Each structure stands twice: as C-alpha cells, then as structure tokens.
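Before any comments, here is the structure.
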Amino acid sequence: MLSLPAPDSLTHIMSSQPSADALTPAEIASLQQQAAAVAHHAYAPYSNFRVGAALLLTDGTIVTGCNVENASYRLTTCAEQTAITSAVALRGPGIRIRAIAVANLNATASQPCGACRQTIYEFSTPDTIVFFPAEAGSIAHATIAELLPAAFLL
C-alpha cells in the first residue's frame with residue numbers, strides 16, 4: 001500500500017507564501033489519502049501508471065477522479081480532468097477548486113501535465129494549491145499560477 005508522507009514534509013517548489021485560507025494539515029492529508037485511494041480504480045493497462053486526483057471545492061465538497069487509458073493513447077483521460085469533469089457534472093459549471101491533490105501508485109515524481117494545468121486553471125483562482133508527488137516519496141506543492149504562469153485566457 002502507498003504510504004503518504006506527513007503534511008509537515010511538504011516541499012514548496014515555487015516562491016510564493018501560503019495564503020490566509022491555507023489548508024490545515026488534516027485537510028491536506030485527507031486530499032492526499034483520497035487521491036491515493038482513487039488511483040486504485042484507474043484503468044491503466046498500457047502504461048501501468050495509475051493516477052488519482054482529489055479536488056477540494058470552495059464549497060467544501062471533495063470530488064475524486066482517476067486516469068482512464070485507451071489503446072489510442074491520445075484518447076486517455078487524466079485523473080485531474082476526470083475529477084474536474086465529475087465536479088462540473090455534480091455541482092455545475094460554476095465550481096471553483098480550492099486545492100487539488102494528485103497521487104500515483106508508482107512512487108514516481110510527477111506533476112500535472114500541461115493540459116491538466118490548463119484545465120485546473122479554468123476552474124481555479126491563481127492561488128489554488130496543487131499537491132503532487134515529488135522525489136523520494138515526498139509531496140510538493142505550488143499554486144496553479146506558478147505551475148502555469150502563462151495560462152491561456154479568453
């Protein structure tokens with residue numbers, strides 16, 4: 001079973017300071033645990049790279065999602081996008097993400113891909129915190145604006 005690092009072992013990879021509405025250690029741990037748990041539901045027969053994501057919406061709702069691969073790789077859906085799509089289906093297009101945790105079952109450092117960063121940004125504020133696996137089993141975090149400084153906006 002995947003063991004998660006303690007919230008006090010988080011690594012901030014960018015330069016900003018936490019906002020006044022920062023998450024509690026219990027909220028961070030809950031998001032990490034839910035992301036890791038839903039990763040077990042991933043459909044990843046081609047890469048065996050099973051990923052889960054847990055969103056904390058501004059209304060307090062937590063929504064999860066996992067990656068779903070396809071033999072035509074381009075049709076694969078990432079965990080972050082699955083969770084966001086589920087949140088929109090559950091709560092409507094006005095959702096806002098307060099924080100998101102991403103986990104994988106491969107004990108590999110990995111940040112959200114570019115497409116996921118853009119999708120997260122679409123439903124976030126620039127200071128939305130993203131937690132993701134880092135080196136040596138630690139968890140890193142950064143704001144979505146730090147991960148996607150030149151987001152596409154219409």
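Placement of Cβ uses the backbone N, Cα and C atoms for every residue, glycine included.
It should be emphasised that the depicted structure is a prediction, and the values quoted were computed from it without experimental measurement.
Database features, via TrEMBL:
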type	residues	note
ACT_SITE	E80	active site, proton donor
BINDING	N67, V68, E69, N70, A71, S72, Y73	substrate binding site
BINDING	C78, C113, C116	Zn(2+) binding site
DOMAIN	26-154	domain 'CMP/dCMP-type deaminase'
In angstrom units, rounded to an integer, how far apart are the Cα atoms of N70 (substrate binding site) and C78 (Zn(2+) binding site)? 11
Mean pLDDT, the domain 'CMP/dCMP-type deaminase' (26-154)? 97
Between the recorded positions E69, E80, where is the Cβ count within 10 Å the lowest? E69
May I have the list of same-chain residues other than N67, V68, E69, N70, A71, S72, Y73 whose Cβ is within 8 Å of the Cβ centroid of the recorded substrate site, in sequence order? Y43, Y46, L75, T76, T77
Give the sequence-ordered set of same-chain residues, not counting C78, C113, C116, with Cβ within 8 Å of the centre of the Cβ atoms defining the Zn(2+) site. A79, E80, Q81, P112, G114, A115, R117, T119
On a count of neighbouring CB atoms within 10 A, which of the binding-site residues N67, N70, S72 is highest? N67
Of the recorded positions C78, E80, C113, C116, which sits closest to A71 (substrate binding site) by Cα distance? C78
Measure from the Cα of E80 (active site, proton donor) to the Cα of every one of the binding-site residues V68, E69, C113, C116, then give the nearest. C116
Sort out the sequence-distant neighbours of C78 (Zn(2+) binding site) for me: same chain, 6+ apart, CB within less than 8 Å of its CB, listed by position. V51, A53, N67, P112, C113, A115, C116
